[in-house]
Amino acid sequence: MAWAPLLLTLLSLLTGSLSQPVLTQPPSASASLGASVTLTCTLSSGYSNYKVDWYQQRPGKGPRFVMRVGTGGIVGSKGDGIPDRFSVLGSGLNRYLTIKNIQEEDESDYHCGADHGSGSNFV
């Protein structure tokens, strides 16, 4: 029976490494030109320390990295060409992307994704 504690330890380590965060994002948001909008990406319970990447995807184009956000705000730097009107904030399980003074070129789909070491989840 000496193997039982070892087996339980291995199972708990494997279970922890295979678990993945689930991300949820409201289906849509809209705002007028010149206004501001805040988009929310929510991590599943137990993943409050995870960082989330925000991406912008214009019709017919591939995703473009906007910036990474953790509980302390931006992590690293913004993606190439992302204006200062874009900002992020992290609080608890929520990761926010705010766009101020919305311009026509901001009209896009915005997705969030979390890298959990064994792959990535996107919504």
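Every residue gets a Cβ built from N, Cα and C, even glycine.
Per Swiss-Prot, the phosphothreonine annotation among the candidates Thr15, Thr71, Thr98 falls on Thr98.
Of Tyr96, Tyr110, the one with phosphotyrosine in Swiss-Prot is Tyr96, while the others lack that note in the record, though it may still apply to them. Residue pair Thr98 (phosphothreonine) / Cys41 (disulfide bond) shows a Cα separation of 12 Å. Taking Cβ pairs closer than 8 Å, the region 'Complementarity-determining-2' (69-76) reaches residues 48-54, 87-92, 95-97 in its own chain, all 6 or more past its ends.
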